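Annotation source TrEMBL lists domain 'Major facilitator superfamily (MFS) profile' at 74-468. The transmembrane segment annotation in TrEMBL covers 78-103, 115-134, 146-163, 207-230, 236-255, 315-339, 359-382, 403-424, 430-451.
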Amino acid sequence: MAERTNTQESTDVFDSIFVAAPGTEILMDEEGAGATERRLHKLQHANTGDGHILLVPQPSLTDLNDPLRWSTPKKWAVLANGVAYAFKYASILCQNTVLLGMIQLSTFFRRPLTYLTYANGATLICQGFGNLLWMPLAVKYGRRPVYLTSNFLMGVACIWLAIASEKTYLSFIMGRAFLGLFEAPIEAIVPSTVTDIFYLHERGEKISVYGLGVLGGNEIGPLVSAFIIQALSMRWAFFIIAISIFINQITLIFFMPETKFLGVRPQILAVENPSDEHDSSQAFEIPRKSYFKSLAFCSVVDPNVSLRKTFLRPFVLMAYPTVIWSSLIYGLSLGWNVVLGATVAQLFAPPPYLFDSGAQGLIFISPFISSLIGTYLCGPFADRIANWATKRNHGIREPEMRLPACAVAVALTFFGALIASLTYQAKTHWAGPIFGFGVLSAGAQMGATLAMTYALDSHKEVCTVAIL
């Protein structure tokens, strides 16, 4: 790990080491009389803790529109909107609605269950491809246009699926494909929003909340949709999802301002005397935009971004070991949730369990409770580990400092999968495999969130495309 020196003579050497280490940040200052310490003491600090935590990145000193300077309630309102946006999509309500209604759809379309799993596959494939189209637009034109456009098209796709579920198999498959294309941004745009509005020392907790929305929602979705399917029909399940999406569209319009910032922010090691800069720049403070101006559909266009280069950047990042590792862990963790949702009907509908749609939905209570535990372990718990390691490293934060918590994720995932498989193979009481599903989900929640946070911390400059 990079070490920090207290001597003035070594400041330039430290600056070089710091710049050369991707993701490495000075997060805490220390008592001392060196040149580096004097410069750090003059920077902006967090109002919580012992007062030694630096704000990383430093908020703008002159622009009141910097999202980092927003009030805490406004930031949480934006995060809540992002989590709600993610909750309903992708691997949550929309996919698992089909999985729990597979038997009804199989009977109506007169196709075997394996054909219905192709619908889920079409969604996942188009979701992966769609990210390559949506995220360059988010980098160039900002987050707000992507939120509003993809959310609206998602609602249209759900109406299509509601109609197609009582029409033909081909139209249903096509609707699922478009669903995946329109819901694709959820995997990257919400984490990007978190990095836009929260400081480094706050992101672990906030990313874990987003992870709960995605993976925890993977359990709540089937629980709700199962009873909708049982009481009404597959058609109404999609209609109700569409209604919830358009309600979210209203909240996005009024409470999801643009979070991409193009202004100038102080650099921790680049500013010789931050207090002097603050004094000299007060006369040029940029006023805050009015609320109605913040509702503009597209208020940010980055002239320095090339759509062609941004489209190709994810393929370049695939050669980075940090991105490869994060992608592998995230994919495996999310894969367990997909497997769980895809197999519940096939595992528990036949003897000896004979679960109907409602009972199958109740299975997901166990994984959801475990996801709450996983959210704490990969959020506040992992942050405490990282902060402890940062203090031992003289205030320098490195992305790898969150990774010790991965040992807990590995253990939970392994033993959860082992318990679920052995108890189901032995045809024990239903509590056996369901308990295993819960332990497995806690590990998956931790693994996915820690991998995502590690990628964001390692490549903050290109986090929007790195998360792809």
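Note that Cβ sites are derived from N, Cα and C of the backbone, with glycine treated the same way.
Small disclaimer: the values here were computed from a predicted structure and weren't measured.
At the 8 Å Cβ threshold, with sequence separation of at least 6, the transmembrane segment (430-451) lacks contact with the transmembrane segment (236-255), having fewer than 3 such pairs.
Highlighted: of the candidate stretches 115-134, 146-163, 207-230, 236-255, 403-424, 207-230 has the greatest count of Cβ pairs under 8 Å to the transmembrane segment (359-382). If you look at the transmembrane segment (236-255) against the transmembrane segment (403-424), you find fewer than three C-beta pairs under 8 angstroms, all six or more positions apart, and that falls short of contact. Beyond its flanks by at least six residues, the transmembrane segment (207-230) meets 79, 82-84, 86-88, 90-93, 96-97, 99-101, 104, 186, 190-191, 194, 236-237, 240-241, 333-334, 337, 340-341, 344, 356-358, 360-365, 367-368, 371-372, 374-376, 378-380, 382, 441, 444-445, 448-449, 452-453, 456 of its own chain at Cβ-Cβ distances under 8 Å. The domain 'Major facilitator superfamily (MFS) profile' (74-468) scores a mean pLDDT of 84 in the predicted structure.
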